[in-house]
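**Q** Structure provided below as structure tokens; questions to follow.
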């Protein structure tokens with residue numbers, strides 16, 4: 001099962017899923033990331 005949560009350490013407006021995904025994978029060491037309503041959300045196992 002996976003859960004999504006707001007990436008508090010992501011800076012700025014989330015325009016592209018690629019930048020959010022990169023942040024979640026490389027900075028937060030989570031599965032992936034996507035933009036929702038201009039915010040970056042990371043996906044993790046829960």
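Numbers run from 1 along the shown chain.
Including glycine, each Cβ sits where the backbone N, Cα and C put it.
I grabbed these lines from Swiss-Prot:
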type	residues	note
DISULFID	3-46	disulfide bond
DISULFID	14-35	disulfide bond
DISULFID	20-40	disulfide bond
DISULFID	24-42	disulfide bond
**Q** Out of the disulfide-bonded residues listed (3, 20, 24, 46), which are within 10 Å of residue 35 (disulfide bond), Cα to Cα?
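**A** So the list reads 20.
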**Q** If I take the alpha carbons of residue 20 (disulfide bond) and residue 3 (disulfide bond), what is the distance between them in whole Å?
**A** 16
**Q** Looking at the disulfide-bonded residues listed here (3, 14, 40, 46), whose Cα lies nearest to that of residue 24 (disulfide bond)?
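**A** Checked the disulfide-bonded residues 3, 14, 40, 46; minimum Cα distance to residue 24 (disulfide bond) goes to 40.
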**Q** Of all the disulfide-bonded residues given, 3, 40, 42, 46, which has the fewest Cβ neighbours within 10 Å once its own Cβ is left out?
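**A** Least crowded of the disulfide-bonded residues 3, 40, 42, 46, by Cβ count within 10 Å, is 46.
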**Q** Going by C-alpha positions, which of the disulfide-bonded residues (14, 40, 42) is nearest residue 3 (disulfide bond)?
**A** 42
**Q** Tell me, how many other CB atoms lie within 10 A of the CB of residue 24 (disulfide bond), whichever protein chain they belong to?
**A** 25
**Q** Expressed to the nearest Å, what is the distance separating residue 14 (disulfide bond) and residue 40 (disulfide bond) at their Cα atoms?
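**A** With distance taken Cα to Cα, residue 40 (disulfide bond) is 6 Å from residue 14 (disulfide bond).
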**Q** Distance between residue 40 (disulfide bond) and residue 46 (disulfide bond) at the Cα atoms, whole Å?
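**A** It is 18 Å, counting Cα to Cα.
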